[in-house]
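Written out below as structure tokens is the structure these notes cover.
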Ligand SMILES: Nc1ncnc2c1ncn2[C@@H]1O[C@H](COP(=O)(O)OP(=O)(O)OP(=O)(O)O)[C@@H](O)[C@H]1O
């Protein structure tokens with residue numbers, strides 16, 4: 001599955017049901033046929049490589065965290081089992097458990113140290129720890145230094161030895177397919193939507209209540225564990241371990257596989273691993289013969305292929321392959337299976353007329369620039385308040401301070417009687433404040449419905465393990481029912497399955513409102529909701545917002561369209577140069593000479 005397409009299918013064509021079954025059947029009977037041993041060896045390596053590349057799909061392709069260090073985790077898995085089984089005669093299965101535990105401990109420490117880094121620092125940090133882990137392994141007396149460990153026994157399963165390549169093939173592919181299904185399930189779930197926001201929508205995700213750092217750690221650990229399983233298999237296939245297959249070169253090659261296959265596609269990991277293994281083997285034979293000397297020349301060709309891929313097919317081979325296959329294997333559409341699902345829990349509503357938001361001497365300085373200058377106002381439950389002012393007046397900054405996206409320099413914020421000063425966005429979201437953004441923030445390759453369902457993050461609970469095992473379906477149905485009803489409320493019921501990135505700006509803004517509503521907020525913050533909407537759409541939006549008010553919702557909005565603001569709001573705060581100019585009803589604001597002067601740029 002492409003990470004961007006929904007997993008379950010409505011009206012699945014027969015070919016879509018049959019293709020995976022056929023593929024599995026071919027994989028299952030292959031070792032039973034008189035195919036050359038070499039093929040089986042190749043497939044064994046492809047399966048083991050794919051496990052590591054799968055981790056990179058999640059970590060790099062979806063999460064946007066580039067790691068050159070996955071080979072080191074393969075090494076941890078391989079060495080742990082080799083040490084326990086070859087030196088101490090323990091069962092390889094114990095070696096697997098121990099390898100996973102050691103990997104988990106090392107990966108957790110590395111994640112906590114490195115994942116707060118951003119930009120190029122993270123990939124550089126992965127290179128650093130990949131080199132140090134490999135160096136440590138290669139210099140430990142107990143691990144045989146550069147010679148490694150010999151005499152690793154074969155795995156036994158129910159008394160059957162998996163020493164033969166055709167026997168361990170089944171175990172390798174069982175792990176690879178289970179890994180792929182688990183990652184695919186994860187991407188199509190509550191935690192999966194949060195993970196898919198990591199690639200470029202972290203501010204939005206935090207405002208929906210997601211701890212983005214936590215999910216970075218989660219995908220880092222999953223990728224490390226997948227690599228560790230691959231290492232365990234590798235040790236028992238090779239029956240010996242030494243440091244060289246776990247070095248930085250292999251770390252780069254794993255990344256190559258993920259990028260070439262399609263770094264955001266689960267099945268791309270398999271395509272990438274296959275292409276890599278085949279190219280590498282052919283080149284290893286061909287190049288020395290062609291060039292007349294021995295050396296790792298294949299690295300140069302792989303490098304060139306990678307650069308060409310990044311230039312001409314940055315999404316990798318899988319999306320192109322999927323395009324070719326789409327006639328027989330069309331992309332699936334999410335099945336509408338949430339009819340009658342129980343409603344999500346609703347928040348108790350604040351009492352109409354009570355003070356919901358109190359902004360007291362709020363200030364924000366960017367260096368010498370005072371963007372918000374000791375602004376104070378109150379918003380009462382059940383009212384629509386407008387925040388207006390010329391460009392650069394400090395409206396969006398005020399919004400970002402109230403919603404916790406930016407920390408205030410000074411001043412106090414109280415929400416529903418409780419101080420929210422200094423709280424991060426996700427803590428403020430938890431208290432019932434939900435927002436949209438001046439520049440739409442969404443996950444472009446996720447459907448409208450999935451984007452809106454992310455708004456219900458705090459109203460649902462399924463965790464990563466539950467999602468990977470697909471035990472989260474009942475809650476998913478409740479989330480999608482809620483997302484659909486919010487989209488219906490905003491008049492977008494015909495766009496449920498469209499990719500959000502394909503929508504025009506107007507509908508994207510409406511989708512953001514539906515997402516904010518999906519959080520069941522007590523206060524809705526709308527940053528320029530009518531921008532980019534056509535006249536009719538604006539009228540429809542105003543009607544929806546009025547309806548929300550009659551249902552008890554409180555709304556604070558920033559807007560430039562004066563007709564929209566004057567016809568909709570109960571009270572207005574006008575800002576200019578970061579300061580509050582006046583506050584009043586739309587009629588009072590319209591009559592104010594100061595406001596007119598501020599907009600026309602004349603002295604007042
Ligand atoms: N992150 C930042 N760093 C430095 N200056 C900033 C930052 N964000 C905003 N500003 C400055 O703060 C001032 C207020 O900006 P803000 O975006 O809040 O105004 P606004 O009223 O929302 O304007 P507009 O209607 O054009 O969106 C501007 O001078 C802007 O350049």
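Glycine too: its Cβ is placed from the backbone N, Cα and C atoms.
Because the structure is a prediction, the values reported are computed rather than measured.
Positions annotated as domain 'ABC transporter' by TrEMBL: 357-602.
Summarising the annotation, TrEMBL assigns transmembrane segment to 44-65 (among others).
Non-local neighbours of the transmembrane segment (96-115) in the same chain are 65, 73, 76-78, 80-81, 84, 122, 125-126, 129, 133, 213, 216-217, 220-221, 224-225, 227-229, 231-232; each lies 6+ residues outside the stretch with a CB under 8 Å from one of its CB atoms. The transmembrane segment annotation in TrEMBL covers 96-115 (among others).
Annotation comment: TrEMBL describes 122-140 (among others) as transmembrane segment.
If one looks beyond the transmembrane segment (167-187) by at least 6 residues along the same chain, the residues whose Cβ comes under 8 Å of a Cβ in the stretch are 1, 3, 7, 24, 27-28, 30-31, 40, 43-44, 47-48, 50-51, 54, 57-58, 62, 154-155, 157, 160-161, 195-196, 222, 226, 229, 233, 236-237, 266-267, 269-270, 464, 467-470. Under the heading transmembrane segment, TrEMBL lists 167-187 (among others).
TrEMBL lists 217-235 (among others) with the feature transmembrane segment. For the transmembrane segment (217-235), the list of distant contacts is 47-49, 51-52, 54-56, 58-59, 62-63, 65, 67, 70-71, 73-82, 92, 95-96, 99-100, 103-104, 106-108, 110-112, 115, 152, 168, 171-172, 175, 179, 183, 186, 191, 195, 198, 241, 245-246, 254, 464: same-chain residues at least six beyond its ends, Cβ to Cβ under 8 Å.
As annotated by TrEMBL, transmembrane segment applies to 255-279 (among others).
Under the heading transmembrane segment, TrEMBL lists 286-310 (among others). Taking Cβ pairs closer than 8 Å, the transmembrane segment (286-310) reaches residues 249, 253, 256, 259-260, 276, 279-280, 316-317 in its own chain, all 6 or more past its ends.
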